[in-house]
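Residues annotated as signal peptide in Swiss-Prot: 1-23. The disulfide bond annotation in Swiss-Prot covers 91-102, 137-145, 147-164, 212-226, 214-221, 293-318, 307-313, 317-357, 333-348, 335-345, 340-341, and the record cites similarity to another entry as its basis. Residues or ranges marked as N-linked glycosylation site in Swiss-Prot (evidence: sequence analysis): 101. Annotation comment: Swiss-Prot describes 218 as O-palmitoleoyl serine, evidence class similarity to another entry.
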């Protein structure tokens with residue numbers, strides 16, 4: 001077995017958004033443009049030079065406000081790249097056995113519609129950015145933030161003990177400014193996008209834990225230091241996938257008391273006449289999704305997809321059946337997480353039966 005390089009998707013492509021997107025200043029999987037190749041940023045192999053972050057920010061097709069924020073913070077461009085990468089990895093993992101597998105092909109078409117899959121893209125993109133920013137602060141990669149505000153623990157002391165907490169407070173505050181206020185929009189789709197974005201942020205917040213470490217002679221707990229730590233992003237992805245599975249279809253209604261447009265779920269038999277507003281943790285969508293069985297502007301279809309004969313082939317292959325062949329399969333093994341957003345693996349190989357959907 002030989003070591004494999006860290007997982008990299010689309011040659012470390014960065015998902016970007018158009019410069020003139022003031023009404024929907026999103027980032028990551030919800031960027032409105034096609035993927036743009038983006039070189040490695042300030043890695044150990046190629047350390048960032050002074051002022052290099054300005055060029056990196058200019059390469060990102062951000063809104064004017066976002067570009068200003070990026071240029072003020074030397075560590076932000078790299079963190080944005082990490083967040084896009086993290087969100088894409090998690091999306092593809094959670095939907096690996098689904099007809100829509102978070103393929104980059106068709107992403108632009110999806111973002112123009114109000115499907116459940118679109119809702120997930122907004123949620124996981126916001127969650128990844130929240131997570132990556134909080135981790136970047138605690139890792140000392142950002143100049144304008146540091147560890148979380150743990151009581152009685154200075155940042156320098158925290159780093160000395162190796163207990164620097166993830167700064168979720170700064171992350172969520174920054175993200176609100178970075179994405180811009182959209183809650184007051186009168187457009188139903190914009191309100192749905194904003195709602196799903198906050199579902200993603202909320203999922204990260206719910207995974208914040210208090211971790212403690214003892215200091216003392218021979219392992220005694222004479223002094224105990226506690227700090228805030230985010231749960232692994234895989235757990236956040238699982239929460240959001242569950243929200244996707246139970247997503248609520250909504251329409252719009254005018255709140256007469258407040259005089260504004262709000263999201264409402266359709267009325268159910270025996271329920272309120274006009275339905276109920278979705279809960280803060282519900283993903284919301286407006287249109288029923290296509291089958292994703294055949295190639296379309298939303299996905300490449302499922303022909304040729306590898307499936308599990310005992311579980312996913314029936315649904316994944318859309319009734320077309322599947323082919324069986326024996327081949328040498330190379331797969332990632334002995335994987336180890338490096339910091340927040342990368343996984344280093346070895347490559348293993350073995351002979352096995354592979355099932356692929358017929359065309």
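Using the three backbone atoms N, Cα and C, a Cβ is placed for every residue, glycine included.
Feature map: Swiss-Prot annotations on the structure.
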residue	record	DSSP (3 states)
102	disulfide bond	coil
145	disulfide bond	coil
212	disulfide bond	strand
307	disulfide bond	strand
313	disulfide bond	helix
318	disulfide bond	coil
333	disulfide bond	strand
348	disulfide bond	strand
Rounding to whole Å, the Cα atoms of the residue listed as 'N-linked glycosylation site' and residue 91 (disulfide bond) are apart by 8
Cα-Cα, residue 164 (disulfide bond) versus residue 137 (disulfide bond), nearest Å, comes out at 9
Keeping only the disulfide-bonded residues of 221, 307, 313 whose C-alpha lies within 10 A of that of residue 357 (disulfide bond) yields 307, 313
A correct count of other C-beta atoms within 10 Å of the C-beta of residue 214 (disulfide bond) gives 11
Listed in sequence order, the residues of the same chain lying six or more positions from residue 335 (disulfide bond) whose CB sits under 8 Å from its CB are 343, 344, 345, 346
Should one count Cβ atoms within 10 Å of each candidate's Cβ, the disulfide-bonded residues 145, 307, 318, 333, 348 would be headed by 145
For residue 313 (disulfide bond), the number of neighbouring Cβ atoms whose distance to its own Cβ is within 10 Å equals 20
The correct three-state DSSP answer for residue 357 (disulfide bond) is strand
Within 10 Å, the Cβ with the most other Cβ atoms among the disulfide-bonded residues 91, 102, 212, 226 is that of 91
Other C-beta atoms within 10 angstroms of the C-beta of the residue listed as 'N-linked glycosylation site' total 18
Counting every protein chain shown, other Cβ atoms within 10 Å of the Cβ of residue 221 (disulfide bond) number 10
Within 10 Å of residue 102 (disulfide bond) (Cα basis), scanning disulfide-bonded residues 214, 340, 341, I find none
Cβ atoms other than its own within 10 Å of the Cβ of residue 317 (disulfide bond), all chains, total 22
